[in-house]
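What Swiss-Prot records for this protein:
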BINDING   Lys269, Asp274, Asp292, Glu353  Mn(2+) 2 binding site
BINDING   Asp274, Asp351, Glu353  Mn(2+) 1 binding site
ACT_SITE  Lys281  active site
ACT_SITE  Arg355  active site
Amino acid sequence: MEFSVKSGSPEKQRSACIVVGVFEPRRLSPIAEQLDKISDGYISSLLRRGDLEGKPGQMLLLHQVPNILSERVLLVGCGKERELGERQYKDIIKKTISTLNETGSMEAVCFLTELHVKGRDTYWKVRQAVESTKDSLYTFNQFKSNKPETRRPLRKLVFNVPTRRELSLGEKAINHGLSISSGVKASKDLGNMPPNVANPAYLASQARRLADDFETVTTKVIGEEEMKKLGMTSYLAVGQGSHNESMMSVMEYKGHPNPDAKPIVLIGKGLTFDSGGISLKPSDSMDEMKYDMCGAASVFGAMKALAKLNLPLNVVGILAGCENMPSSNSYRPGDILTTMSGQTVEVLNTDAEGRLVLCDALTYVERYEPDCVVDVATLTGACVVALGHHINGLLSNHNPLAHELINASEQSGDRAWRLPMSEEYNEQLNSPFADMANIGGKAGGTITAGCFLARFAKKYNWAHIDSAGTAWVSGANKGSTGRPVSLLVQFLLNRSGPESVE
């Protein structure tokens, strides 16, 4: 798929298709008005006849419009002009791309990037158009015997920008959008892989491959023997019921002019399958527990995008790979684990395993003396109850870092909402036998999970992203979303300086 930007008049475009917007009720966008004038009112006559109202997502494909050089014109319903917001814009782009791909328009010039989207500039509109296009065209069918094929798929897309001065901004937006989309695709692919393929060793192989592909990335894999030497007893306990070895993949990206500059650390929960262990989950939808490694998948995707963008940062990405299975060797409710930090944890529920893996990973990264640490995990069902499937949960021990991540979430459209972490919630983790319990009861489950992790992140600025509600979708079109890759990459773009962003 080839992307480019240009600045030109619609009547001069010689392409398979021109894409322009129509607002409710049957109001032509400025670009559509130009085409209508050139075609002697042909388009407006169709609208008066009622062929298109302009409601969001409506499509009308026109052939051989009078006096127009392009073969086709696609009219796209954009809703009410003053109500065109971020979500609607992205939905319109996705529907447009699907229509172009299905109708044999192998190339197109898209003028939707000239629409006014409240509070957003050309950079944002072009980048989101690229990301939405890639998202719309994504498929995961490698395990199907008969793969459906599009006869004449969309291969080339040109986004028009209002002025020539904005061409460089548009080109940067395409570069960023493609890099982020590459990371999102990598994350989706990892998440969608079946758990009999994507085990901890598979995660490690992907981390090694990333190092093979980019000179700026090195990877080392820590297996169970080394974990024992490091004292990662909590991490090891979670995986001891599985015949698949637990593996923690450590990817180091060196892009900063000073190789010794303090790194940003990203940690991803990589439970490649979570049965719940002895505290076995219900069988209904248990297949979706292959997505319990989507935190690690998003960190992997962010590292890939980072390497493609070649940002001037030092970043460490940790994939905390593990599998939680029931067996005679599994850890049990009632066990007391000594973590790498020396703190002890009473296990009350073996299905609250992600925090037992992450706590040792959080201790491990102290050796980097990090600038900050962000962990990502599909950690709690409570986050789905609190925030649904639209917004990531965010907790942090450092206000400036939390504000940075919230800002990045707003910029990228991959939204997050900060939850509190006051001392009262910590009391729910009290145990009569150990330093803490691994669960704090039903009330405030996302917050108490964050409070648990915070006890292992006292030596640096830390934030936790709970993506349990956003990492995948269920139902007939189930699959990984690749979130929060774009949030993480936007955070890294912002950290790399204004010249890297807009």
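Every residue, even glycine, has its Cβ placed from backbone N, Cα and C.
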Look up Arg355 (active site) in the DSSP assignment and reduce it to helix, strand or coil. helix
What subset of the recorded positions Asp274, Lys281, Asp292 lies within 10 angstroms of Arg355 (active site) at the C-alpha level? none
Binding-site residues compared (Asp274, Asp351, Glu353) - the one with the fewest other Cβ atoms within 10 Å: Asp351
In sequence order, which residues at least six apart in the same chain have a CB under 8 Å from the CB of Lys269 (Mn(2+) 2 binding site)? Asp292, Met293, Gly295, Ala296, Ala320, Gly354, Val357, Leu358, Asp375, Val376, Ala377, Thr378, Leu379
Secondary structure at Asp292 (Mn(2+) 2 binding site), reduced by DSSP to three states: helix
How many Å separate the Cα atoms of Asp274 (Mn(2+) 2 binding site) and Asp351 (Mn(2+) 1 binding site)? 8
Looking at the active-site residues Lys281, Arg355, the one with the fewest other Cβ atoms inside 10 Å is Lys281
Using a 10 Å cut-off, grab the number of neighbouring Cβ atoms around the Cβ of Asp292 (Mn(2+) 2 binding site), all chains included. 28
How far is it from Lys281 (active site) to Asp351 (Mn(2+) 1 binding site), counting Cα to Cα, in Å? 8
List the residues in the vicinity of the Mn(2+) 1 site, defined as same-chain residues other than Asp274, Asp351, Glu353 with C-beta within 8 angstroms of the site's C-beta centre. Val238, Leu271, Ser275, Gly276, Gly277, Ser279, Lys281, Asp292, Asn324, Thr350, Ala352, Gly354
